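Input: a single structure, listed below in structure tokens.
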Amino acid sequence: MAAKRILLIIGGGIAAYKSIELVRLLRKSGHVVRCVLTRAGEQFVTPLTLAALSENKVYTSLFDLKDEVEMGHIQLSREADLVVVAPATADLLAKMAGGQADDLATTLLLATDKPVLAAPAMNVRMWLHAATQRNVAILRGDGVTVLEPDEGEMACGEYGPGRLPEPEAIFAAIEKALTGAPAASLLDGQPDFSEANHRPLHGRRILITAGPTHEPIDPVRYIANRSSGKQGFAIAAAAAEAGAEVLLIAGPVPLPTPPGVIRVDVETAREMAAEVEQGLPVDAAIMVAAVADWRAADTAAQKIKKDGSGAVPPLALAENPDILAGVARSPQRPALLIGFAAETNDVIAHAEAKLARKGCDWIVANDVSADPMGGETNRVHIVTPEGVDSWDRLSKDAVARKLMEKIADELDTRAPPESTHDAD
Ligand code: CTP
């Protein structure tokens, strides 16, 4: 089966440990897993364990969604192909049946438009209680797949139905549910335009990185650069206008998300690298972010204080992963991979060297010696193995639109639309 995206909500209960094995099974079959832990779930498994196994960020509260102003919980609940609740406690089932939304897990469950599968786990009396049975009937009536719990000896010493089904059984139920579930589009929930099919990037997936990265030194200080994110956001907007499904992985910038664009906010280069990897495969990737080359080798857990002696604290640096070069080497390398290069001197020569060094197809080079980052215009040179195409100074929006035209033409030659997107 093609890889699918699973949003796994882990409720509180002794059986939560089995969700760890479930994550492992799902990952082993290539599925992408995002975990959400309820407050009670956190008492039984740690976000760290789940993050390591799912290789993904773990969400525990509504406040984890830094982009909540952008309706982050709606995106989280809809970018999945299937929402799985395991273990589903009596309390969670009651809240789901009642349509309550007082924490992240229940909010996601209410906001989702995707199929939901719940694997209950609770004490036998709680399972057999009329209230729980009523809630299960309501949920099934609402279209939720509620698995039957296993029967056996319980952690509390009682015997009967209520045990969480074994991870292999939940996994099998998930695979079955996924067979009938349509793959989630990156743009699910977004308006569909009638003229969409005619737009030049219709049916294309484009990943864009934008903005700076912030590399923490201690809880209050970080290493950063002057990137405003404007050019990357303009490119994301132009790609969406041209009909593409756009995934924008943005460093910390206070810019609004362009319409029709799915945005994931990150802070550090390493977070950006992980989200980029997660976002593949795509038809084209445009790496506009000004990724910090170095991070602090050690991040202090507490604010670094002056000791009064006048001595300066040592700041050892470590090199960050080169995200663009990593994508170029990836087995999932997009058909068209584009890097940006802001240079202050020997712009074309540096860009040509970068093209070869990074293994990308084009470098969009701009001279930032006169007009540093943050301005409204750009004079760019598109450097390719075939030569250099120098454009006049244009607004960043105009650069973005012109670039999209060029990308659409190039993709038509490199990867005709019908040969793409058979897998998610
Ligand atoms: N890039 C990246 N990951 C990094 C550094 C850069 O993906 N760790 C990408 C940028 O998004 C851009 C391209 O590589 O598309 C060039 O970035 P630049 O900072 O100019 O390249 P560097 O390798 O850092 O080269 P230098 O600092 O020597 O100019």
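Note: Cβ is positioned from N, Cα and C throughout, glycine not excepted.
Just so you know, TrEMBL annotations are computer predictions that nobody has curated.
Annotation comment: TrEMBL describes 1-205 as region 'Phosphopantothenoylcysteine decarboxylase'.
Per TrEMBL, domain 'Flavoprotein' is recorded for 4-176.
Under a cutoff of 8 A between CB atoms, and with a sequence separation of 6+ in the same chain, the neighbours of Cys156 (active site, proton donor) are Asn123. DSSP assigns Cys156 (active site, proton donor) to coil, not to a helix or a strand. Annotation comment: TrEMBL describes Cys156 as active site, proton donor.
Annotation comment: TrEMBL describes 201-409 as domain 'DNA/pantothenate metabolism flavoprotein C-terminal'.
The region 'Phosphopantothenate--cysteine ligase' annotation in TrEMBL covers 206-424.
The CTP binding site annotation in TrEMBL covers Asp293, Lys303, Pro321, Asp322, Ile323, Leu324, Phe340, Lys354, Lys358. Cβ environment of Ile323 (CTP binding site): Thr209, Ala269, Met272, Ala273, Val276, Met287, Ala289, Val291 lie under 8 Å away, each six or more residues apart in the same chain.
Its Cβ placed at the centre, Phe340 (CTP binding site) has 26 other Cβ atoms within 10 Å.
Within 10 Å of the Cβ of Lys358 (CTP binding site) there are 21 other Cβ atoms, across all protein chains. According to its DSSP assignment, Lys358 (CTP binding site) is helical. Following the DSSP three-state reduction, the secondary structure of Phe340 (CTP binding site) is strand.
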